[in-house]
Amino acid sequence: MIDIDDVAAINPELVQLLPLRPKDSLPLQENVTIPKQKRKSVNSKIPGPKEGLRSRSTRISTVSEVRIPAQENEMEVELPVSTNSRKPFPIHTGHPRPSCSTVTELPLLMISEEAEEQAHSTRSTSSANPGNSVRRKSCIVKEMEKMKNKREEKRAQNSEIRIKRAQEYDNSFPNWEFARMIKEFRVTMDCNPLTVTDPIEEHRICVCVRKRPLNKQELAKKEIDVISVPSKCLLLVHEPKLKVDLTKYLENQAFCFDFAFDETASNEVVYRFTARPLVQTIFEGGKATCFAYGQTGSGKTHTMGGDLSGKSQNASKGIYAMASRDVFLLKNQPRYRSLNLEVYVTFFEIYNGKVFELLNKKAKLRVLEDSKQQVQVVGLQEYLVTCADDVIKMINMGSACRTSGQTFANSNSSRSHACFQILLRAKGRLHGKFSLVDLAGNERGADTSSADRQTRMEGAEINKSLLALKESIRALGQNKAHTPFRESKLTQVLRDSFIGENSRTCMIAMISPGISSCEYTLNTLRYADRVKELSPHSGPSGEQAVQMETEEMDASSHGASLTGNEEEELSSQMSSFNEAMTQIRELEERAMEELREIIQQGPSWLELSEMTDQPDYDLETFVNKAESALTQQAKQAKHFSALQEVIKALRLAMQLEEQASKQINSKKRHQ
């Protein structure tokens, strides 16, 4: 029998207890010292039989099971084990087999109790402080945290970008966001503007567009430029828009024309590509016409007549004078010198459907059609000129007499169509004619309806004549058999320019670049586009809309569009307004005709009264004239009756026009 006390006496380190310390867990191994106490393990110096060794191994394994509860609570400890402790005990076969029944198990039981107490205290600490335990996060939680961090970083970046952009632009005016969007869009454009060296293409109908620079008033209001001219035939309008959720964006509309001139183009460049090719036509026996069309204040008079300084004008830098100089240059060339051509000029205006001569104290003229269906302007005088300087004098004289008025866009706006004609005559016979027309500013009916009756009548007549002009040019371009030139006085006077094989026309559409004129600019471009109907990408449409959105939010709105019902109601009111204007114009003409008849056939009562003032007047003569006057008076009763009916109808038409105008103004105020 081996006594355990003897073994302990020989190897005291086998039963020596050490303090516990937590450490990383290791896999359980047999023949290792118990995990809850730190003790040195050495090989026993007392040999024993194999049964005793197996009994000890079993006993040690039993004690090692105390570690399991501690592992479940994530508190792991490890006792350092010497290298020798992992080796098996040496077994001496010469000794008898020891018995394990007499070995006392008190130290092992004490070790087991301490391990259980330690495990119990660990469980209590974990349950009392659940936050101290380290828990692994799931993959979903980690991904959500990553997304949150990315969103915060993106917001911070956007905030920095907004602050930087706000520093680059002046926030004192409300349209700086649109200015930034337009600037960013222009950076992406490939610009190839028109140059003087570009070839000149000849067209029977040439439609061009010219953009003027921002004027002093627009710069003072801090307006932005919404027009871009990326190429020699393409023009873009950056129309500001506002969504329902107050998101601002641009609708970029493209228009294609034969030539597009930006704000840097001079009058000389515009003339080179527009009116200059037409000068050759009149020397070949043809008729040529050049129009300047556009909104009030868009630069029509500057282009046609020259530089303006208040009401004075430098006519030498306008298309009128440039065309005159080229006419005299061609006239003196050898190929045309033998024709013995003489140059004449006329200058008249059409105001409110009436024709007035600008070179003869604004004498009123009549437009009639003779038996050969040729339109004649009765009383219009032609002035012979021998050089370009004479022409410039005539232009200055006529421009000073032109009818003008004040509008919302121009304090000195031309309210009439001015027509300057250069005629070539050979032995009194008309050889060619070049008509240069400075059209009145186009107005919306809704804008003119709020003014007085005179201004409303001006606007109605201007729009009527411009519509007739557009249809006449389209008929010329499409070679239609019928040309609606009788629709207005303007097309009547220019009738011979729309018929015949050798007729050419050029239209210069003038536009304003400011954001406040965007709607009027689009109306001008659509008018010019329908004259010829070119597509920006060789398609059937003349417009292409490309939207560029930005996430800028603002409560200010550029403008609200009308609903379908409101547009229909306003359209019906405008139709009534235009019908009333047409009736007024027709009745006015009838009243003038009746009055002329009465004046021509009626007696001169003033002459009879003056006759009686003479001391030696002939009484017989007086009686004869009085009887004749009374007879004529009876015959003219029907003319008086007709005039009375016309005046009543004219009064009714004026009342209808006034009522329609008030309805339109009321509708505009409610909007």
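Cβ atoms here come from the backbone N, Cα and C positions, even for glycine.
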**Asked** Among Arg204, Arg210, Arg337, Arg366, which residue does Swiss-Prot name as a further ATP binder in the site formed by Gly294, Gln295, Thr296, Gly297, Ser298, Gly299, Lys300, Thr301?
**Response** Arg210
**Request:** Tell me which range among 153-184, 441-472, 473-504 Swiss-Prot lists as region 'Negative regulator of microtubule-binding'.
**Result:** 153-184
**Asked** Swiss-Prot lists motif 'Microtubule tip localization signal' for one of the ranges 44-47, 52-55, 528-531, 632-635; which is that range?
**Response** 44-47
**Request:** Determine the Cβ neighbour count for Gln295 (ATP binding site): the number of other Cβ atoms within 10 Å of its Cβ.
**Result:** 25
**Item:** For Gln295 (ATP binding site), the one of Ser138, Ser465, Ser576 that lies nearest, given that the modified residues are compared by Cα
**Value:** Ser465
**Item:** recorded positions: Ser138, Thr301, Ser465, Ser576 - member with fewest neighbouring CB atoms within 10 Å
**Value:** Ser138
**Complete:** Given the binding-site residues Gly297, Gly299, the candidate whose Cβ has the fewest other Cβ atoms within 10 Å is Gly299
**Fill in**
Closest by Cα to Gly299 (ATP binding site), out of the modified residues Ser138, Ser465, Ser576, is Ser465
**Message:** Let me make sure I understand the span of the ATP site: among Arg210, Gly294, Gln295, Thr296, Gly297, Ser298, Gly299, Lys300, Thr301, what is the greatest distance between any two Cα atoms, in Å?
**Reply:** 14
**Prompt:** Which of the modified residues Ser138, Ser465, Ser576 has its Cα closest in space to the Cα of Arg210 (ATP binding site)?
**Reply:** Ser465
